[in-house]
Amino acid sequence: MTNAFTHINADGNAHMVDVTDKSVTEREARAEAYIEMASDTLEMIMSGSHHKGDVFATARIAGIQAAKKTSDLIPLCHPLMLTKVEVELEAQPEHNRVWIRSLCKLSGKTGVEMEALTAASTAALTIYDMCKAVQKDMVISQVRLLEKRGGKSGHFKV
């Protein structure tokens, strides 16, 4: 692990990293998040009886949109031309939660970790938003990077 923050310049100021001279490589990142809720809330989602419609479909699209907008949300992220964004949601009734996984890919000069994390986080937030009328104490947890490939720092996997 490096001991230097790449987004801090020699004067100690935040700046956007210059990737001009970096090579274009295939890059991929996977992230996850969980949202825990009451069994009744999860059953409402799973049965499709939620009055706001298909919660998973809405959360999936929100996660995809969020990945594409990451540089608008996180100030020092580069705008990226993503070639793939995938968001998967899996109800886990045995744990009263939804497991959210995201995948982002591109051919570029910088990684897609933040895009994958943003996709998973936003999908979880969307589930919360759609279900808050029936339950306000849902818990979003374990948002983390699972894997990244490509670039100078190589392969990382939890």
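Using N, Cα and C of the backbone, Cβ positions are placed for all residues, glycine too.
The active site annotation in Swiss-Prot covers D129, and the record cites sequence analysis as its basis. Annotation source Swiss-Prot lists substrate binding site at L76, C77, H78, M114, E115, citing sequence analysis.
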Entry from the recorded positions list E115, D129 having the most other CB atoms no farther than 10 A: E115
Under 8 Å by Cβ from H78 (substrate binding site), same chain, sequence gap 6 or more: M16, V17, V19, S71, K109, T110
Most crowded position, judged by CB atoms within 10 A, among L76, M114 as binding-site residues: M114
D129 (active site) versus E115 (substrate binding site) - Cα distance in angstrom: 20
Where L76 (substrate binding site) falls in three-state DSSP terms: coil
Largest CA-to-CA spread of substrate binders L76, C77, H78, M114, E115, angstrom: 12
All-chain count of other Cβ atoms within 10 Å of C77 (substrate binding site): 20
Euclidean distance between Cα atoms of D129 (active site) and C77 (substrate binding site), Å: 26
